[in-house]
Amino acid sequence: MVRRALSDATDDSLKENSRRAPVSAQKPTKMRRETLRDKRVRRAEDDEDVADDAHLNGHDEARDVQGGNEDGAEGEIEDEDEADDEDTGGSPKGRKRARANTIGDSHPTDGNVKGKQKAVTLPRDVDGFIPGSIMRIQLRNFVTYDYVEFFPGPHLNMILGPNGTGKSSIACAICLGLNFPPSVLGRASELSAFVKLGTSDGHIEIELKGPKGKPNLVIRRTLSATSKSSQFILNGHAMSGREVNQRMAELNVQVSNLCSFLPQDKVAEFARMSPQQLLRETQRAAGNENLTAWHDTLITAGKELKHLETTLTADREQLKTLQERNANLERDVKRYEERRAIEKEIELLELMLPFVEYTEAKRKYDQLKAAQTEMHEKVKKLNESNAPYINLTKKMDKQLKDLQDLREKKKSATQQKFASMKRKWQENLTLEGQAEELKNELDNLKTREKNRLKEIQKSEKTVENLQKNIDNPPKIEDVEAIKEQLKQLRAESRDVTERQGDLQERQRTCIEEESRHKMELENARRNLRQLDDVNSRRLKELEKVDKDAADVVQWLRQNRHRFRMDIIEPPILSCAVPDTKFATAVEACFNFNDLRTFVAQCQEDATLLNRLVVDSPDALGRRVRINSWFRPRPEYADPPMSAEELRGLGFDGYASDFIQCPDGLRPFLHSTLNLHRTAIAVQAPNRVDAGRAMEVVARSGGASYIVGNTYNQVSRSRYGQQKAQNQTRDIRHARFFLFADADPAQKAAAENAIREAEFHLEGCKKQINELSVEDSKIRAEINEFSSKNNALEKRKKAAIDIKKKLETMKLKLGRLPFRLQSHSCTKLLRDRNSVSEQGQLDRLRKQPSVDAERAKLKSKILKCSAQRVIVLKDYEKLAREAIASQTEASKVALEALQVAANHAQLKAMCSEREDEMQKALAEFNKVRQEYQIAKLDSRAKLDASKEKINSVDEELRARFQEMEQTGEAQKRSVEELTVELQTQQEKLELSMHTNPGVVDQYKKRQEAIAELERQIEEREEKVQKKERAIKLARDNWEPALTRLVESVGQKFSAAFDRIGCAGEIKLTPHEDYDKWAIDILVKFRDHEKLQLLTGERQSGGERSLTTIMYLMSLTEEARTPFSLVDEINQGMDARAERAVHNSLVEVTCKSDSGQYFLITPKLLADLLYHERMKVLCVNNGEWLPEETDRVGNMMRMIEGYVNHRSRASA
């Protein structure tokens, strides 16, 4: 079953019967669904083919319409359909129902989809109704109705009545009764909301004209106030919502299309439709029935073709790149194969070489083994013949050793004798030295006596000089008197020092106070710079958005004297929000022009400002445009609620409570921006009761309030019951008021602190200068005292030095006791400087004479000579004993020499025989060593050969075994194999090395090239197939769409010409089919140009007029059984409303026009009426009288009034 294709303004999912919560109209659910061709996973290429055929098959009906001109294309499509049937296997499960795309339109999948019918308007029946037209509507407990039943006509049905009586409820009933979602209406999103308050359930019953020859469709939908679900009954039988949708699709009922069904709350949305959406909705509502299917095919196939072409181009580039890369690798691959052949030959030679080496090593091993056995027998025979000679040599070795030991013993005894002789001789030399020293000392006694006499003369002269100086001392000052003068001088300077200390304390206090004031001055200046920095940043921000305004601000700051009162700078500079939590809400109360407005406080200043800045270049050298404001006595309304009500509703306060600004700016903020009437709830927005807040704010006629990030504008309707209306919008984050402005009081305090600190600093500097003068005087006095003190100290030191010098001379003279410690001349000279001159003289005089000492020395010399005689006698005795011992030792030595000679001769004979034996043994060892080496070498080469054979592949092993069996492997020697191996290795070195990965890469790339060529061929076929499909669809779609747009455009332009305006419908092509658009261009004034219809550019009345004109222009081309517009004339002036009404009557009352519903709350007098139109007056309200013969029945009342006028006129 094909789901109804809905516009993006509606909710695509009809969920009332699925027992799910319906989706809000404010947030339509957008789901992307793909057409599933089969349940199993298939290759991507097969999916694309199936999708192509699905789009093509959707044009079977289009071929019926176009007729014989499409025979050629028809044949192509049939061929493709047959191919598709073969691909899908003909399974009925391979066809799936269409899924709605992201904008609510359906994609046709196959021309044979089960249950799909052609959406065409069937011919009119004899009663004048077209199949699908509404013949009866019955409502019970629906919105404002307790019960109502009425019968529309087959042409224009004008439904009128006062506001609030239930006119728009009829549009709601048609939409919901035919199972279209509530989001189409733009009102409540829940079905239960349409049940009349105070009742538990209700129903909608609509009777639709059935196809010719078939009964009408009576559809009843029951609603519940407590449940989101509902039930459908079709002609007395229960039916699901899907089945109802199917019946609506068969009758081509398009309630979800704004071009055929325009509720009151969707009028503005029609103008806000994009040109692309308008094209799609127009296709669905009018013209050829296959326009939408063709368009969908073009969009889908166009995107797929573009994707295929992009992919194909990339594949071709990739194929070219791969082919070029492989062409570059072919030479490397050839080189690799040549190198591989050489490597194979090298591997074979390397395999043969160990085998041949082992063969030769085994042959050498066998030869050395026989030679080893022969040499072993020769060594054994020589060893047996040398045995007697060896035994005799050992005997003579023992005899020679005994003689040598005896000789050593005799030799040791002789050496001891010689050592004793040496000691006696050394003793003699010692005594000789002592005698020589005594002789020298005896000679030195004369020299010492002469030196003593010279020292005595020198000391006598020194004593005489010292005594002379002591007897005649120099004049010495009184040290005590000098000390008394110093004491008196220090007492006088102490007073000056105390004065200096007091002065320094005062200087220190003054400097500390100066530092403290400097710090206070720096802190105050820093605070002022910080306060000024905020204004600077704000001024820079203003310069970014409006340089002219920023230049005017700087000029005003320099020219304040030219104005009578202060010109208030724009709020972006002069206003601040201390609490940044409210900055966003407060800034939302300003628009961009308000933030840049200069406010004058008197008319004179306002005029002067505009004259200097705006009207002439006198101020800035150029004329600029600024916003300025002045009101002599502005009036503004009171706040909508008191402070208690404000807090009770959960608001934090009014916007004016959270802003700081100059007093002169308040009138502008209150009279123009109503900041004192705009309530704000930011800290706890959830506490605000939206309904209660709207009711309270609306009491005073309307105002604004902000809850969280939502701005609410409350006003009252000018029609009917004048109910409160609320327009909401989201507010943006604050940009300018987040800069915390400088508090004027803080700025003034900072400036006062600077002036006060500067004043105190000046006083400190003056005091410091005075103290410096006083300090200079005190320092001069201290310097004078210091000079006097230094002179006295110098005199004192001179007196003391003279006294010390006299004491030293007395000490030298020998007044102090001293005792000489040594009589030697050397000691005397060493201690001369440490004793007094007089003591030294006495010591020299008291030394003894040299005669006694001379006799003593001679006695010692005689004693030493006697000892020398005794020592020489002992030396002679020891010499005789040593000679005898030496003679005996010589005899033993001669005997040992004879034995040694015999032993040497025997040893020479043994040595000759031993040499012969050692030579034979060496030969044996050499052969034995060669044998062991050959054995190990043979074994190692055998292992290497086995290992080499095991390491090669089967092919090489088999080739080697074949050569071994034929004997070819043994024909060449190791040298020949080595030479050949070196030759092959040199060839390998000359051959350029190629990475083996290059060959693998070459082979893989060859496979990739083959696969890519296959893919390119397949994609080229798909591109051709897509191009044929696009051409076929465009050849059908574009002419039909152009005819439709031209037809609608002619009617639209003619309708605008009739009311003195201009209008044009233009089809705008694009290379992307989803961007084709219908542009509505209108002009309502002679001096204007044609402008595109948008939701913002034209006024509400102009948009309504354009909308109804477009809908009327579609009427003759429409395929829907009925259309509806609700209160489309709101906002039109009388001339336009009259022209629209008359044109609508003319268009919709033609004999071939479909059913049309026009809902309006008011009518002008003397309008055009037609006999085919039907007027339905809504007589509904809370206080209707009971129906009697005279009152309560509106038709009877109207008939009575008409009869009364007829009688009166007669």
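Glycine residues also receive a Cβ, built from the backbone N, Cα and C atoms like all the rest.
TrEMBL: automatically predicted annotations, no manual curation.
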Per TrEMBL record, range annotated coiled coil [choices 197-231, 827-861, 967-1001, 1002-1036]: 1002-1036
Segment assigned the feature coiled coil in TrEMBL (from 903-937, 1043-1077, 1113-1147): 903-937
In contact by Cβ distance (the coiled coil (305-541), the coiled coil (1002-1036); 3 or more pairs under 8 Å): yes
Cβ contacts under 8 Å made by the coiled coil (903-937) with residues that lie 6+ beyond its boundaries: 361, 364-365, 368-369, 371-372, 375-376, 378-379, 382-383, 385-386, 389-390, 392-393, 396-397, 400
Average pLDDT across the coiled coil (747-809), rounded to a whole number: 80
